[in-house]
C-alpha cells in the first residue's frame with residue numbers, strides 16, 4: 001500500500017494528516033483493491049468516505065464524472081458535496097464536483113434510465129409512482145380479481161387495506177431480490193404464493209399501461225438495463241457505497257454492475273451492527289456476500305475497521321458491545337471501540353409501575369439535568385413505538401419542557417400538497433391517469449366512481465388500440481359532447497377543470513416569461529382557478545383548530561410547495577434527453593453529464609417533471625430538511641429509533657424496554673424459528689443504534705403495566721429479554737426518594753387551558769402526528785411539528801360525523817383516551 005502523498009494543496013494535506021491510523025489506512029488503500037471500511041458508531045465514517053473521494057479525485061486524478069458515490073439519503077449526498085467542496089477548495093488543478101455522480105441508488109438509477117432506458121424498450125418519459133399510486137393500482141387489481149365471476153347483482157367484495165399492504169410487501173420483496181414476475185422461483189402446491197404472483201404480474205402490467213415505474217422499479221429496471229448493456233457505464237473507474245449495511249440484494253447486484261467496467265474497484269462503508277431496515281429488505285449479510293463474490297473472482301478484499309470512537313463514553317461503548325456479543329446470534333465482526341472522552345458516567349436503568357410513571361420520571365430527570373450544564377437541545381428521548389410519545393408529551397407539558405417530535409406526519413402527506421402535486425402531474429403529462437383521476441374526483445362536482453370508470457374505460461380502449469393513451473384528449477371530447485353518457489353537471493365540472501389545465505400549460509409556453517415566472521404563474525393559476533385553499537379547508541376538520549386556522553395552514557403549506565418548486569435546481573442528468581438512435585451503444589452517462597445545463601434554459605415541462613421525480617426519489621423531502629436538528633434550539637427531541645440514526649446527543653433516554661415493545665410483540669409471536677431469529681437480531685440492532693446515540697449519559701427504562709393510551713397491557717412484560725443477563729448487570733439502578741404507583745395518583749384531566757402551549761410548539765404544530773401509524777417505527781419525514789396532549793385528548797371526544805369521501809381522505813381510526821392527574825411531586829435527585 002502506497003502511503004506517500006504528493007499534494008500541492010494545503011487543505012487536503014491538513015485534513016489527511018489529522019486522521020487516526022486506521023482512518024488513514026482506509027483513505028490510502030490502493031483503489032485497485034476491493035475495500036470494506038467497517039465503521040462503528042461515532043468513528044468518523046462520513047469524514048473518512050469524504051476524504052476517500054477527495055483522495056481519488058486529487059491524488060489518483062480520477063475525473064469526477066468517472067466516480068459513482070451512493071448515499072442513503074439526499075441530505076447525506078448534499079452534506080458530502082459540501083464537505084468535498086471545502087476540502088478541495090485550494091486544489092491547484094480545479095475539480096468540477098458538479099460532474100460527480102452522487103446520490104441515492106434510486107436517484108442515480110433514474111438518471112441512467114432517463115438516458116438509456118430506450119435500450120430496454122422503456123418509455124423514458126415515464127412518471128414515478130408514489131406509495132399512493134402503487135396502492136391504488138394494487139387495489140384495482142384486487143377488486144377485479146375478487147369480484148371476477150361474481151353473480152350478477154351481488155355486492156362487490158371490498159378490498160381491505162391489510163390485503164393491499166400484504167400484496168405490496170410481496171411485490172416489493174420480489175423486486176428487492178431482482179426478480180421480475182416471470183423470474184420468481186415457483187413454490188410447489190402453494191396456492192397463496194400463486195395468487196400473489198398473479199397480482200404481481202397484473203400490477204406490473206398496470207404500471208406499464210400507465211407509463212409508470214414504482215420506487216422498486218427504479219432499481220430493478222436499471223439492473224436489467226446494465227445486465228443487458230453493461231457498456232452504458234464503461235467510463236466508471238470507482239464506485240463508493242455509503243451505509244452499505246442498509247443495501248438489499250438488488251442494490252448489491254447494482255454495485256457489482258456499476259463497477260464491472262472498472263475491474264471491480266469498489267469502496268463500501270458501513271456497520272453490520274446498525275442494519276435496521278429489514279422491513280425494507282435490507283440485508284445485513286451483504287458484507288459477507290460481497291467478500292465471497294469478489295474472492296471467487298480472485299480479487300483482494302481489504303478490510304479496515306475504524307475503532308476510535310469520538311462520541312460516547314467508555315461505559316456506553318462497553319454496554320453496547322456487551323449487548324451485541326450476548327444477544328446477537330447472526331455473524332458479526334466483534335468491535336473493541338476505544339472512547340476518546342474522559343467522561344465515565346454509568347449507564348442507568350430504571351423500572352416503573354406504568355408507562356405514565358416512566359414518562360413522569362423522565363420529564364423530572366430532564367428538568368433536573370437542565371438546571372446544571374445541559375440545555376434542552378442536548379437531550380433526546382428515543383422510542384420504538386409512537387404510542388409512548390403520548391404520555392411523554394403530557395408530562396413534558398406538565399413540567400413546562402419545550403419539545404419537538406421528529407418523524408411525524410410528512411409534509412408531502414398533507415391533503416393540500418397531495419392535491420396540488422396531482423395537478424402538477426396532470427399539467428406535465430397527458431397520460432398520467434392517476435393524477436387526472438384523483439384531481440377530477442376531488443374538484444369536479446358530480447364526478448363519482450361511475451363517471452371515472454367510464455373515462456378510464458375510454459383510456460384503456462385507447463391503449464388496446466396500440467396508442468399511448470391520452471386522458472387530456474378524452475376529457476376535451478367529453479366537453480365537446482363527442483363522448484356520451486355524462487351528465488351536464490359532470491361536463492360543466494370537466495370543462496372548468498380543463499380550463500385550469502389548459503391555462504396552466506399556456507403559462508409554461510409563454511416565451512416572454514422566465515422559467516421561474518412560468519412556474520410561479522402556473523402554480524398560482526391552478527390554486528386560484530380551483531379555489532384550492534377554500535376547497536381543501538372545507539374538507540379538513542380539526543377539533544384543535546378554527547376554520548380560519550385550518551385555512552391559514554393550507555395556504556402556508558401551498559406557499560411552501562411553491563417555494564420548493566421555484567427554488568428546485570435539478571442535477572443536469574435529471575433533465576437531459578434520452579439516447580438517440582444514432583447514439584445507441586456509444587453514449588456514456590458521463591458524456592451527457594459533462595454538458596452543464598443552465599436552469600433558465602431548460603424546457604419548463606422537463607423542469608417540472610424533474611421536480612416531481614425528486615419528490616418520490618428521496619427519503620427526506622426538501623421542505624422537511626429545511627430545518628436541521630441543530631437549528632431546533634431549546635427543545636428536547638422525541639424521535640423513533642430509525643429517526644435517530646446518524647444523530648447524537650449528550651443525553652439520551654430510551655424508555656419502553658419491555659417485551660412486547662422492544663422486541664415487538666409481532667417478533668415474539670413469530671412461529672417460524674428462522675424468521676423469529678432473524679427478527680430478534682434486528683430488534684437487538686435497533687437497541688444498539690438507540691444506545692449508541694448517547695455521548696455522555698444514557699438512561700434506559702421499562703414499565704410493568706401500560707396505563708392507557710391504546711396499547712394492550714397484557715402484551716407487555718418487563719424487562720426486555722434484550723437487556724436480561726450481562727447487559728442489565730452493567731447498568732446502574734437508581735433509588736428514587738419517592739417511587740410512585742397507580743394508587744398514589746388522582747384521576748382527572750390536567751388544566752391545559754392554563755398553559756401557554758404556543759411556547760412548546762414547533763412549525764405546523766396543529767397536525768395530528770401519530771394516529772396514522774400507531775405502532776409504526778418507520779420514519780416518514782423530518783421534524784416539522786407536533787400535536788400536544790391536549791389536542792389528542794380533545795380529538796378523542798370528536799364527534800364521528802359523516803364526511804364526503806374523497807381520494808385523499810384517510811380512514812378515521814378509533815382512539816381511546818384516559819386522562820390522569822396528580823398533585824405536586826417531590827423531585828428526586830440524579831446521581
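We number each residue from 1, going along the chain as drawn.
Quick reminder: no glycine exception, Cβ is built from N, Cα and C everywhere.
Record features (TrEMBL):
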{"type": "BINDING", "residues": "39, 40, 41, 42, 43, 44, 45, 46", "note": "ATP binding site"}
{"type": "COMPBIAS", "residues": "790-808", "note": "compositional bias 'Basic and acidic residues'"}
{"type": "COMPBIAS", "residues": "809-819", "note": "compositional bias 'Basic residues'"}
{"type": "DOMAIN", "residues": "18-313", "note": "domain 'UvrD-like helicase ATP-binding'"}
{"type": "DOMAIN", "residues": "314-646", "note": "domain 'UvrD-like helicase C-terminal'"}
{"type": "REGION", "residues": "790-831", "note": "region 'Disordered'"}
| remark: Counting other C-beta atoms within 10 angstroms, the emptiest spot among the binding-site residues 43, 46 is 46
| task | For the recorded ATP site, enumerate neighbouring residues of the same chain (Cβ within 8 Å of the Cβ centroid of 39, 40, 41, 42, 43, 44, 45, 46, site residues themselves excluded), in sequence order. | result | 48, 271, 306, 309, 310, 311
| note | Students should find that the Cβ of residue 39 (ATP binding site) has, within 10 Å, a number of other Cβ atoms equal to 28
| remark: CB contacts under 8 angstroms to residue 40 (ATP binding site), restricted to the same chain and 6+ apart in sequence, sorted by sequence, are 271, 273, 305, 306, 307, 309, 335, 337
| Which site among 41, 42, 44 has the most other CB atoms no more than 10 Å from its CB, taking these as binding-site residues? | 41
| field | Secondary structure of residue 45 (ATP binding site) (DSSP, helix/strand/coil) | value | helix
| task | Enter the number of other CB atoms within 10 angstroms of the CB of residue 45 (ATP binding site). | result | 22
| request: State the three-class DSSP label for residue 39 (ATP binding site), counting H, G and I as helix, E and B as strand, and everything else as coil. | output: strand
